[in-house]
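Enquirer: The structure follows.
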């Protein structure tokens, strides 16, 4: 977009645009909560959610399929390659290749997100998914396979950054929490699908190639769908008030996008909704383009503390490590199916799916804070129970099984979906691209750190003490949620910026 157009005042659209702090009370419709009703068609709201959510499904599928693919590729009889005799480091490169790619994708998102916009970033993510999956599936050697995993991971980083932004900025405020939480549901659904398809193909010759190649059709559908969907109206309006294009032209484009996103139910109110957003963006001072330093000051710093804090605690309360122990816990309890890791994974995946569904239904009714506080409290109990099992209750395996199931269920009620929901809501629009990329980077970085550090810590301290440490961290996360995290239920994104930051 051209940047040399002079920005007209909002008064030309029947609103008075003033800098932050100067606007009169009669020009604060969103801050006072008197914004016009967001009419929308349920059918029209599905596709703007569905295609971005495929990015989450492909991320989850990678987690599930990789757990089975590593079993397949190490088999002398069914790997279908001569380089199947892999060391633990080489297996680690396969399993973590996409994670490190996701870290790079998050760094890239910091620099390109506001330039590309949410829609084009999701298209780029879909292309990375497609290329990475193909390269991995047809890899002639380990080096090419790791490169494919890395490229796929870049798609994960871009998708997990842009999908929650696009959904948050295009969804009606009444169902925004439900739709963003459904993205987490799609991640878990992808995991279950990956475990299921992997278990079916694990005995097939070169089955790992089919596991990875199976994701390519969804990547194509995601790319085509995002090409068809409109751009985020809020991103267009941000470009408009920052003088990155003709104000009138961008406003009309935003109105057309709102009409497509809401369907026929929007009636004649699309123009009014767009003007309300423009007025509010002017009120909260979004006219200037964001600089790097601003991300760590003022409102954005507070949003960064909230968002990055949530996704940090999401990982350092032990989520990767608890699942690591799932198979051994089930085996100790005498479950005959526990000897098969893929079956245990499917069982836990189904539990995660059910509990995520509960969170999706409840998040816009109960609110974010009640689910976070209740769910994390359950995680605290489960972590101390797991620690006690490994320290002095090892003759009561039922306690470990109950604690494991409690942990998984409570995590999916709280940190799982609501961490991603909150980071998509709390950042001011002008800083949303960069702020959310930092939060996603913190998430994947903490995941990599916990995954890497768990085995050395277990060997040094013992599993019980490590779970006690996770329990203490979970208590600290409860205090963080209680004192720092605001309630955003029912607020528009502009109201969240004005009232909560």
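In case you wondered, yes, glycine gets a Cβ from its N, Cα and C as well.
Since this is a predicted model, take the numbers as computed values, not measurements.
Grabbed the feature section from TrEMBL, which reads as follows:
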REGION    1-21  region 'Disordered'
DOMAIN    48-489  domain 'Major facilitator superfamily (MFS) profile'
TRANSMEM  91-110  transmembrane segment
TRANSMEM  122-144  transmembrane segment
TRANSMEM  150-168  transmembrane segment
TRANSMEM  180-198  transmembrane segment
TRANSMEM  210-229  transmembrane segment
TRANSMEM  344-363  transmembrane segment
TRANSMEM  370-392  transmembrane segment
TRANSMEM  398-423  transmembrane segment
TRANSMEM  435-454  transmembrane segment
TRANSMEM  460-485  transmembrane segment
Enquirer: I need to check the long-range neighbours of the transmembrane segment (460-485): which residues 6 or more away from its ends have a CB within less than 8 Å of a CB in the stretch?
Expert: 305-306, 309-310, 313, 316-318, 321-322, 325, 368-369, 372-373, 376-377, 379-380, 383-384, 386-391, 422, 454
Enquirer: Given the transmembrane segment (91-110), which of the listed stretches 122-144, 150-168, 344-363, 398-423 has the most Cβ pairs that are under 8 Å apart from it?
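Expert: Between the stretches 122-144, 150-168, 344-363, 398-423, 150-168 has the largest tally.
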Enquirer: Quick one: find which recorded stretch in 150-168, 180-198, 344-363, 398-423, 435-454 has the most Cβ pairs under 8 Å with the transmembrane segment (122-144).
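Expert: Most Cβ pairs under 8 Å with the transmembrane segment (122-144) come from 150-168.
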Enquirer: Short question: which residues 6 or more past the ends of the transmembrane segment (398-423) have a Cβ under 8 Å from it?
Expert: 160, 164, 177, 180-181, 183-185, 188, 306-308, 310-311, 313-314, 317, 319, 322-323, 325-326, 329-330, 332-333, 348, 351-352, 355-356, 358-360, 363, 368, 371-372, 374-379, 381-383, 385-386, 388-390, 436, 439-440, 443, 485, 488
Enquirer: On the 0 to 100 scale, where does the mean pLDDT of the domain 'Major facilitator superfamily (MFS) profile' (48-489) fall?
Expert: 87
